Amino acid sequence: IVGGSTTTIASYPEITALLYFNRQACGGTILNNRSVLTAAHCPFGDAASSWSFRVGSTNANSGGTVHSLSTFIIHPSYNRWTLDNDIAIMRTASNINFINNAVRPGSIAGANYNLADNQVVWAAGWGTTSPGGSLARFPGVNARHVQIWTVNQATCRTRYASIGHTVTDNMLCSGWLDVGGRDQCQGDSGGPLYHNGVVVGVVSRYTAWIQSNA
């Protein structure tokens, strides 16, 4: 998370730190006691055994409970080139135990959820805290969050097209339009985007365009 501030798991008990060979790599949202929602590009092409996730901890590297995976399900229409339908569900090998103010399932927006332009949304995760920085150099060990805003779809599509990226109707754009300095970054992929406490999006991609445009 770039441009945000530290937070605690008590504020976001639905979020999970996804670990690739025991190192924080992506984020996720608890769906129920056996499933976690994330971005398809996180585990795509990997063995389930190479991933695990930590719940119930503000720190990505310690505390809470670590669960291994039994399998993961990539959205059948996921496109690795355009990142359309960039969502996946991870199945745990053991039940997730819900704990008040630390571990609970997220509230997921339904198909008819109405989200207008310029609405306040919040992103949370353990990604790098420096634009262009790597997780190794700028790890987000403690959970962070940032307030951003939804961006008009047509505006988003036009601006991304100028740098050769496709924005489909399945995508939601958010950021700080024409100001920048706040957003999700490397390592936040798969984590939630909240609108009034409801998960309305899964972090899919971050580009340098955000620094000057979003």
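Using N, Cα and C of the backbone, Cβ positions are placed for all residues, glycine too.
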Checklist entry - Do you know which of C42, C156 Swiss-Prot records in a disulfide with C26? => result C42
Checklist entry - If H, G and I count as helix, E and B as strand, and all else as coil, what does DSSP give for H41 (active site, charge relay system)? => result coil
Checklist entry - Quick one: which of these recorded positions, D86, C173, S189, have their CA within 10 A of C42 (disulfide bond)? => result D86, S189
Item to check | Distance from C156 (disulfide bond) back to S189 (active site, charge relay system), taken between C-alpha atoms, in Å | outcome: 19
